[in-house]
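Comments concern the structure below.
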Amino acid sequence: MDSEVIVIGAGISGLSAAKWLHEAGISVICLEARDRVGGRTLTKRDPKVGYVDIGGAYVGPTQDRLLRMAKEFGIENYKVNEVEDLLHYKDGRRTRFSSGNMPGRKNPLVSMDINNIFYLMDKMGEEIPAHAPWEAKHAEQWDTMTYKEFLEKNCWTKGGLEFFKNFVNINITTESYEASLLSFLWYIKQCGGTKRIFSTTNGGQERKFKGGTQQVSEKIAEKLGGSIVIKSSPVVGINQESKDVVLVKTLNGKEYKTKYVILACPPVVQLKIHFTPELPPIRSQLMQRMPMGTVMKVIAIHYEEKNWMDEQYSGGCYTAMYPPGFFTRYGRALRVPIDRLYFAGTETAIKWSGYMEGAIEAGERAAREILCTMGRIPRDQIWLAEPPSQDVVARPFPVTFKERYTPSVPGFLKLVTLTTILGAVALVSMKNPMKACDRFLRK
C-alpha cells in the first residue's frame, strides 16, 4: 500500500483535503497533472511589475475558511481600490464610470428594473436549500427555464436586460440562455445574495492577497513535502475491482495502491480518467453535462493574457455551469461517494461554490467523509461550520430607502396611469362638478 488515501488534483481543494488528512495522521499522496500546484489559481511573477493573478484572485467577508488558511501561512491581504473610475468596454464603445454606478443606471426606469430583479432573485433564492437546490419548492419549474427566459419575462427595459446579461457573464462566465434559472439563483444564494456576490466593499471582491493567490497552494504543498505532493502525474485510470485496494494509474505508467481516492479536479476533467468498473450512469451523465465556463483574463497595465479554455486540466474557468434540467436530474450525484471514491472540488461546495472558499470547504469535507468511513470521526462531524473571521468581519447589507420603496417598472406605469385617470376626472369635475357627479352616479 503506497498510502491510505490518494488525492487527485493539487489545486486548493485537493491540497486542503490532503492537509486535513495528513494532520489527522492519515498517510496521503496528492497527484497533480501539471508541473505546478494551484489549479485555477495562477500567479505570474515578473521582476518588473512584481506579480499578477491571472486566475482566481479575490477574497472577502464570509469566506472564512480561505481567510483562516491564509492566516495560518502568514499571507496578508489588502483592500481593492474603489477610488478610481472604471471602464466598461463593449461593442467598440468605452464607458467610464465610478464604482457602484454602473452604466445605464442613470435612467430611472432601468434603475427600477435592476432594483426589482435583484429583489426577485434574492426572494426566490430564499426557498432554495444551499445543500440541495433540487429540493426547492419550484425546482422543476425553475430548472427547465433559462435565466434569459426569466429576464425576458420580468425585465421591462433594454438597459435592464443588458445589465443582467452582463451580470450572468461576470459571475458564471456563461450566457444567460445557457444557464438554468434554478442554478443561477442557487449560485447567487450560496454566495450570500446579490449584494454580497456583486459588491467590492463588504463583498466577494473586497480584498486580494499580497503576493498572489497561488501561494496558498504553494505553502500547503511546501508543508506537506515533495513525497506527498507529486507533480507532472496525470491520472488516467482508477481501478476499484478489488474490495480492499484501489489502483491508481498515471500517464507515465506509475501505479499506486491505496484504500481511498478523492477526486478534486473539475467533473469535465474526470472524463479523461478510465474507471474500472464503469461509474454509475448518473455519475457519467453528470460529468458529461457540466461544461466549464468560458473566460479569458487580461491584465492591461502589464499585458498578461490567460486563456483558461486552453488548460486541459481545468477545461475553463471560473467553475462548471449548469444547463437547464441538470440539477433536478443529476444534482443529487454531485457529492455521493462511489465505493472508495470521494469527490471534492469547488463545484461540490455548498457555500461560495466556484470560489477558492468553496474549494477549501469541499476538500476538507471530502477528507472528513473518509475519516468517518474509517471510524475516526462520527457522521455529524463531516459538515463543520467555520467560525467567522475576526480579521475580515462581515457586515449586514442595510436595505436603503430607495431600494425598499422604488416600484417595479410595471408598478410605476400602473401608478402613472391611475394618477393620470384620477387627474383627468378631477379636471372634468372642476369644470362641471354637478354634471361629472351625475355621470359618476349613473355608472
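Backbone N, Cα and C atoms are what each Cβ position is placed from, and that goes for glycine too.
No curator has checked TrEMBL annotations; they are predicted automatically.
Taken from TrEMBL, the feature FAD binding site covers S13, E32, A33, V235. The number of other Cβ atoms within 10 Å of the Cβ belonging to V235 (FAD binding site), over all protein chains shown, comes to 25.
Per TrEMBL, the feature domain 'Amine oxidase' maps to 12-300 (among others).
DSSP states for the domain 'Amine oxidase' (303-371), grouped as helix (H, G, I), strand (E, B) and coil, give 30 helix, 9 strand, 30 coil. Residues annotated as domain 'Amine oxidase' in TrEMBL: 303-371 (among others).
If you look up TrEMBL, you'll see 411-430 marked as transmembrane segment.
In this structure, V235 (FAD binding site) is part of a beta strand by DSSP. The binding-site residues under consideration are S13, E32, A33. Their Cβ neighbour counts within 10 Å are lowest for A33. In the three-state DSSP assignment, the secondary structure recorded for S13 (FAD binding site) is helix.
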